[in-house]
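K.L.:
Feature annotation from TrEMBL assigns domain 'Cytochrome oxidase subunit I profile' to A:24-496. Here TrEMBL flags A:29-49, A:69-96, A:108-127, A:188-211, A:231-255, A:267-285, A:297-322, A:350-369, A:389-410, A:422-444, A:470-497, A:548-571 (among others) as transmembrane segment.
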Amino acid sequence: MSATAIPGALLASVAAPADVLAPQRRTMLAFLVWGFSALMIGAMIGPLQALNYGGVNAYPALAPILKSYYQGLTIHGVLNAYIFTFFVTCGLLVYLPARELGLAPNMALWRGCFGAMALGTLMLLVAMFDNSSSVLWTFYPPLKGSAWFYLGMTLVVLGSLMPLPILLDLRARWKARRPGEVTPLVTYMSLTTMLMWALAGGGALIELIVQLNPWALGLTDTIDPIVARTLFWWTGHPIVYFWLMPAYVSWYGLLSKQIGGKLVSDPMARLTFALLLVFSLPVGSHHQFTDPGFSPVWRGILTALTLSVALPSLVTAFTIGLSLEYAGRLRGGLGWLGWFTALPWRDPSVAAQVLAMLTFIFGGAGGIVNGSWELNNIVHNTTWVPGHFHITVGTASALTFMGVTFWMLPHLTGRALLSRRLALAAAWLWFAGMSIFALGMHWAGLHGVPRRAWISMLPRSVYERVYGDAYFALFLVAIGGCILWLATIAFYTVFLGSLGTRRLDRRPAIPFAQAFGGRESYALDGGEPVGIVANQEVSKLARALEHLGLITAFTAFATAAAYVPIFWPFLRNVTAARGWVVW
Amino acid sequence: MSETGASSAFEDAFHKSAERHERVWVFVAVAMLTLLLAGTMFIVVYAYGIVVRTDGFRRDPAAVEAPEGSVVKTGPNAYTVTVVARLWRWSPSPLRIPKGATVTFRVTSADVLHGFAIQGTTVNVTAVPGITGSVTYTFNRPGTFNIVCNEYCGLEHQGMLGRIVVAGDPA
């Protein structure tokens, strides 16, 4: 099998004359290290919140550092949901396409992206650790944090948009040299993700620049809370796809190679990304199902349309599932499930990503509940919701990114992974911890336990009276949190330890997968074997989906059409709310 | 087929069967989502009371109309309750109503965002400063229901609890 052979060009030797790729690798490493450092702080705080739900209040013991559960939760949410994911994504979605195409990205822009987001992170850290901005990661006004918080957030969002021009430039240069050919898959997926994010980021940017920054700087006295909230969810719904799509890039673009097989359908991968771009944007208002202020009928239509985003994920389940089966069969797996157990489970990068996929099956099913009408009313703002996003972004994305680091750190540094066994342990512990935690959170949510509430502060009698029914579920939450602490320690021992291990003789290559019917390599230069390109003859679909400009324009139009009727009553009925600092 | 010559009979056979199954899967997925969509829309029409309607806007969130927390009888065993959320309490609380009462809650906030959720029911309304939203719910089961604030509102958020007591006998 060619899939198991090691191509000779894989050895991008450390001793190569003038290693032109070194600056790209260093920048990519910087993105990874900064992003995962943010997750380290956020993930260490996380279990405190899980213990809170189990009735254990650890915060008084931490008083010098964390003054309240809400301060800890703000740090946890901002670092994990924004800083960690943005850094990893803005690194991967430039580095992988650049290596796939064999072209150098615009390094000044890419470093600018890092610089803007890093400066923003520092401002956010100051504003969060001094307890001036315990507004949680949703920062709904009229709760009022410090200007550092909103200005830092603005820089982070602006920085996260900078990979888009880099990718447009890479693709244009490649197209100029390969006229008439279809964009290689990893580049296609990365660019689609960034186009989606560019349209999505508009809401948060308008909220920050027009409303929050002037207000926090004292230029305006009051703010309109519902407008801010609606702008937030314009970004806040599609952001979940900004978290998810980079994980899909790894599942579609790399994993098949790592497990010794091929991607079974290149055009379906493209279709998935194009559908995610179109479907994720106009439907953010279903997060506001319980908000008054705009037409319930219009909201109902948009809420029902939310279910459409399940389609690309169901297509993904099929395509990736079949790619796993193909590899498993090649490895000798027989029978109904033999292919699954035959996968290379000893490879921590593979184990982490396949476990991430398993949890996403439940995450997706729960998402359909959230998007349904009456069911959403039962679970809205209960612990069900964080339970849901800890098995989606918290596992499907985060555990996939961890899996990516297990091959990528050796690739970037030329050093061995500290310990394969410990990496495997981290992946399994994360999977187990999150599963137990999420089971408890979902279950407690059905008992009406609210999310983000410092319930361990309540007098014992009140805790028992209001949340006593959910006691076992909340116990599971606490247990899951403790297992996640172990997972975090195991992972960071490997991550940080691998930065200083022995040098490898050869640098592992990027595991770009090959698709059925596709060519093996499409790199222009740069010396690594790469690329997934749809077979020109068979794939009319891939060719049709090349028109990303048209698809983006259509999405922008649909989003505007969805939001004009929502904003209309708000603009006619302005609320002028003053700010509150109440933590 | 493959330009690298890496193809095999197994790959070709797998590929062909994959494409056939793919079409079936996409059809099933679309059919399932269509049914879910229809079911969701049906429930919305059927249980329209729990859908949040808009009852008015005001420029100054603090200028809540009096009387705050009022309970007005609007029909045989039907009531309209004006719920006002403030840091960190609900009014009215406790709310006493007879079994079988149909209650329209008009919910608003005088300061920051709050969340009006009645545990064990489908009542879930965001209390938005400056906007009044309303939902209607019939309490067919006697007992004590907890009102839980489910939108973060500051340091004492967890303690922002209220109570609805549904009496055992119909009025």
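Yeah, the Cβs are placed from backbone N, Cα and C, and that goes for glycine too.
Neighbours and distances for these, please.
P.N.:
Note on the transmembrane segment (A:29-49): residues 58-59, 62, 66, 69, 72-73, 75-80, 83-88, 90-92, 95, 114, 117-118, 121, 398, 401, 405, 408-409, 412-413, 481-482, 484-485, 488, 492, 495, 499 of its chain, located 6 or more positions outside it, place their CB under 8 angstroms from a CB of the stretch.
Sequence-remote contacts of a segment are chain residues at least 6 beyond its ends whose Cβ falls under 8 Å from one of its Cβ atoms, and for the transmembrane segment (A:69-96) they are 24, 27-28, 30-32, 34-36, 38-39, 41-43, 45-46, 48-49, 52, 57, 59, 62, 105, 110, 113-114, 117, 121, 124, 128-129, 131, 133-138, 153, 156, 159-160, 162-163, 166-167, 186, 190, 193-194, 239, 242-243, 246, 249-250, 253-254, 393-394, 397-398, 401, 404, 452, 454, 456-457, 510, 583.
Beyond the transmembrane segment (A:108-127), the same-chain residues lying 6 or more positions past its ends with a Cβ under 8 Å from any Cβ of the stretch are 27, 30-31, 34, 38, 78, 83, 86-87, 90, 94, 133, 145-146, 148-149, 151-156, 158-160, 162-163, 165-166.
Sequence-distant contacts of the transmembrane segment (A:188-211) (same chain, six or more residues past either end, CB-CB distance under 8 Å): 89, 92-94, 96-97, 141, 150, 153-154, 157-158, 160-161, 163-164, 167-168, 171, 182, 223-224, 227-228, 230-236, 238-239, 241-242, 245-246, 248-249, 252-253, 269-270, 273-274, 276-277, 280-281, 284, 545, 548, 551-552, 555-556, 559.
Away from its own ends, the transmembrane segment (A:231-255) comes close to residues 81, 85, 88-89, 92-93, 96, 138-140, 185-186, 189-190, 192-193, 196-197, 199-204, 206-207, 211, 263, 269, 272-273, 276, 280-281, 283-288, 309, 316, 319-320, 323, 350, 353, 356-357, 389, 392-393, 396-397, 400-401, 403-404, 510-513, 532, 559, 563 of its chain (Cβ-Cβ under 8 Å, at least six residues beyond either end).
If you look at the transmembrane segment (A:267-285), the same-chain residues 6 or more away from its ends with a CB under 8 A from one of its CBs are 185, 188-189, 192-193, 195-196, 199-200, 203, 230, 233-238, 240-241, 245, 248, 252-253, 294, 299, 302-303, 305-306, 308-309, 311-313, 315-316, 318-319, 515, 534, 539, 541-542, 545, 548, 551-552, 554-555, 558-559, 561-563, 566.
The list of residues near the transmembrane segment (A:297-322) in space but at least 6 beyond its ends in sequence, with Cβ under 8 angstroms from a Cβ of it, reads 241, 248, 251-252, 255, 263-265, 268-269, 271-273, 275-276, 279-280, 282-283, 285-286, 288-289, 357, 360-361, 364, 367-368, 371-373, 376, 562, 565-566.
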K.L.:
Below 8 angstroms Cβ to Cβ, which residues of this chain, lying six or more residues outside the transmembrane segment (A:350-369), approach it?
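P.N.:
Residues 247, 250-251, 255, 258-259, 307, 310, 313-314, 317, 320, 324, 343-344, 375-376, 379, 384, 387-388, 391-392, 395-400, 402-404, 406, 423-424, 426-428, 430-431, 434-435, 438, 442 contact the transmembrane segment (A:350-369) from elsewhere in the chain.
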K.L.:
Is the transmembrane segment (A:422-444) packed against any residues at least 6 beyond its ends, judged by a Cβ distance under 8 Å, and which are they?
P.N.:
50, 53, 346, 348-349, 351-352, 355-356, 358-359, 362, 366, 382-384, 386-388, 390-391, 394-395, 398-399, 402-403, 406, 467, 470, 472-484, 486-487, 490-491, 493-494
K.L.:
Quick one: mean pLDDT on the domain 'Cytochrome oxidase subunit I profile' (A:24-496)?
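P.N.:
Here the mean pLDDT over the domain 'Cytochrome oxidase subunit I profile' (A:24-496) amounts to 93.
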